[in-house]
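Trainee: Checked TrEMBL, it gives:
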BINDING   ARG21, GLU77, LYS116, LYS447  (6S)-5-formyl-5,6,7,8-tetrahydrofolate binding site
DOMAIN    212-371  domain 'TrmE-type G'
BINDING   ASN222, THR241, ILE243, THR246  K(+) binding site
BINDING   222-227, 241-247, 266-269  GTP binding site
BINDING   SER226, THR247  Mg(2+) binding site
Amino acid sequence: MTDTIFALATAAGRAAVAVVRISGPATLHVVSALAGKVPPARLAALRRLKHRGIELDEALVLRFQGPASYTGEDAAEFHVHGGRAVVDALMLALADLGLRLAEPGEFTRRAFENGKLDLAQAEGVADLIDAETEAQRRQALGQVGGALTRRYDRWRDLLVESLAMLEAAVDFPDEDLPEAVAQRARPGLVALASEIDAALADVSRGHRVRDGYRIALVGAPNAGKSTVLNGLVEREAAIVTAIAGTTRDIIEVPLELGGYRVLLADTAGLRDTDDVVEAEGVRRARTWSSEADLRLWIVDGFHVEQLDLDEGPVLSAGDWVVINKMDIADPAAASLVAKGLRNRGLMVTTVSARAPGELDRLKAALVDHVTEALSGSEFPAATRLRHAERLREARAFLARALSSEGLEVELAAEDVRLTARALGRITGTIDAEDVLDRVFSSFCIGK
Ligand SMILES: Nc1nc2c(ncn2[C@@H]2O[C@H](COP(=O)(O)OP(=O)(O)OP(=O)(O)O)[C@@H](O)[C@H]2O)c(=O)[nH]1
Ligand SMILES: [K+]
Ligand SMILES: [Mg+2]
């Protein structure tokens, strides 16, 4: 028999109202022990809570009758005054009545186990609680609502259909026909493969929305990277001096651009150096920027004629060059360099980072860029690394199924089964205990 759990559902600390929730078979008994008359399900009632003859608080009591509750079990909420002592007294009383403090995510885990939501939806709940930007909120809410689930359900149905055809071929009594029957499964599997390919090409979008789009500020020492960072985030996040080699550590600053979460990183100026500390900074700069979604190369406009593209920064397609210090640069030289860079397919912006308001144009261009990169007409197929890994695994099994030319029908059937299994792990229809533990332990207590 499952035990009955309790937890503070609202944030800890002083507040107007605190909500303590309980879930499990002892719910009715506990509500009646504390509140006296049990209110009807889903109707809030004002009650004096008492335990062992001592009054705890006057509270709003709300109870749910399983399975019509978040967890699917009998459950209740006590909305009490949000003082520390009130909450402590109530939680002590609940423990005294034999209830157990919930583990992180245990309410949602029970909801999952009772079929109220699948694993992808449960992850959506966690993401919704963590959401700080509009795009994170939208994506998480879509996931809770089953936007991710629906796609996987459709793919699973398709796989089940194909599997039925392949199995029919295996069982076919007439020796000549199995191949023809098996071939009927092929078009569906080919279509699915191309859908998964499209999803994989787009695989980072979902978790970039969730975790943040990574923009690296890179370039030579003294180009003005830290000045650009400070201008974009509108505070003195990084030290700026006229000494080359000022920045060593990566300075990561989260910010919101066009409703998207962005991680902007200032890095050490790239150069060969004997200074051990600076050399480590340069190493970190290279690593971070190589993994970034976008590199902003900051170039000193005053020395723009020294920019040797074949010697200098290793620019790659999609990089963005910001020619800085336009207040002291020779505009003709700068525009010549800009033209050359644009001819190479690079984006170029000219600014004077030190001038107030000058970075607004760059910021607006970045908003457009991030919006373009992260918005999409379809809900992403993956919003976590975990999803992307399973998706790649599924694609590999599917490739193998498709390569077995109808002759090895049984092998193809097995690969189709493995494809379905990999996809099933994303929504949790194939549940591995360790995955569940990992997903739910990242929740806060009380959810
Ligand atoms: N005139 C002018 N000076 C600038 C501009 N932007 C930055 N500077 C100056 O250039 C110098 C170097 O700026 P930083 O922002 O520290 O340059 P950095 O690229 O971060 O340098 P490191 O961290 O040493 O690699 C400072 O003296 C800044 O004030 C600009 O737009 N115009
Ligand atoms: K500097
Ligand atoms: Mg710097």
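Each position is counted from 1, following the chain as shown.
Placed from the backbone N, Cα and C atoms, the Cβ positions cover glycine too.
The model shown is predicted, which means the values in this text are computed figures rather than measured ones.
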Trainee: Determine the minimum-neighbour residue: among SER226, THR246, listed as binding-site residues, which Cβ has the fewest other Cβ atoms within 10 angstroms?
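Mentor: With the binding-site residues SER226, THR246, fewest surrounding Cβ atoms within 10 Å: THR246.
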Trainee: How many other Cβ atoms sit within 10 Å of the Cβ of ARG21 ((6S)-5-formyl-5,6,7,8-tetrahydrofolate binding site)?
Mentor: 25
Trainee: Please report the Cα separation of ILE243 (K(+) binding site) and ALA268 (GTP binding site) in Å, rounded to an integer.
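Mentor: So the alpha carbons of ILE243 (K(+) binding site) and ALA268 (GTP binding site) sit roughly 12 Å from each other.
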Trainee: In whole Å, how far is ALA268 (GTP binding site) from ASN222 (K(+) binding site) when you measure between their Cα atoms?
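Mentor: That separation, Cα to Cα, works out to 10 Å.
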Trainee: Near the Cβ of ILE243 (K(+) binding site), how many other Cβ atoms are there if near means within 10 Å?
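Mentor: The answer is 9.
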Trainee: Can you tell me how spread out the (6S)-5-formyl-5,6,7,8-tetrahydrofolate site is, meaning the largest CA to CA distance among ARG21, GLU77, LYS116, LYS447, in Å?
Mentor: 19
Trainee: What other residues of this chain sit with their CB within 8 A of the center of the CB atoms of ASN222, THR241, ILE243, THR246, the recorded K(+) site?
Mentor: PRO221, VAL240, ALA242, ALA244, GLY245, THR247
Trainee: Between the Cα atoms of ALA268 (GTP binding site) and THR246 (K(+) binding site), what distance do you get, rounded to the nearest Å?
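Mentor: Roughly 7 Å, rounded to the nearest whole number.
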Trainee: Where the distance is taken from Cα to Cα, which of the binding-site residues GLU77, LYS116, LYS447 turns out closest to LYS225 (GTP binding site)?
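Mentor: That would be LYS447, nearest by Cα distance.
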